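Per Swiss-Prot, these features apply:
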| type | residues | note |
| --- | --- | --- |
| BINDING | M36, R78, L116, E157 | substrate binding site |
Amino acid sequence: MFIGDASILKPIQWCATEHPELPADIADWLMELGSMTRRFEQHCQRVHVEPQRECFITRDALGEEAEHLPVSQRYWLREIVLFGDNVPWLLGRTVIPEETLSGPDRALVDLGTLPLGRYLFSGDALTRDYIHVGRQDNLWARRSLLRLSGNPLLLTEVFLPASPLYTHCDSIPK
């Protein structure tokens, strides 16, 4: 697990969903409304997650993410690397206001190596407010404001070069 203040995610340049440089095959992945974990499972034998950082942080540590979440005394931060057949496919960062962590959803702080999608999409209490698309150098990224039983959480995903998102497109990152 990572100790310290640095995120595993480098800065991301966010753009409009209708960005003219967004190829249709990339948009199909980035605008996925279902579980990205399930989608990845269609392209490998085994998906697993390795947590890099799990801790409570203050609003000051959110940076521009604070614009997307309500004011809270603390936020649960989870940063992970998701692997498909032991190859890193995705960096994930989840920020959850403490108020979202009530009742059974308190389990979000104890996911460990369980992919977030397996928890979120196991019931019918999940909705998505929006998906923002962005770039981190040559890599595609997306950010979603999700609501679990009406309570918000912010999920940012960066698709690494070996990700199947790039398999059938002309913009494979170097």
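Glycine is no exception: its Cβ is also placed from the backbone N, Cα and C atoms.
Note that the structure is a prediction, hence the values are computed from the model and not measured.
Recorded features from Swiss-Prot, shown on the structure.
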| residue | record | Cβ neighbours (10 Å) |
| --- | --- | --- |
| M36 | substrate binding site | 27 |
| R78 | substrate binding site | 22 |
| L116 | substrate binding site | 23 |
| E157 | substrate binding site | 25 |
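With M36, R78, L116, E157 listed as the residues that bind substrate, the site has a largest C-alpha separation of 17 Å. The record gives M36, R78, L116, E157 for substrate. Within 8 Å of the mean position of their Cβ atoms, the other Cβ atoms in that chain belong to T37, I80, L82, L90, G92, R93, T94, P115, G117, L155. In the three-state DSSP reading, L116 (substrate binding site) counts as helix.
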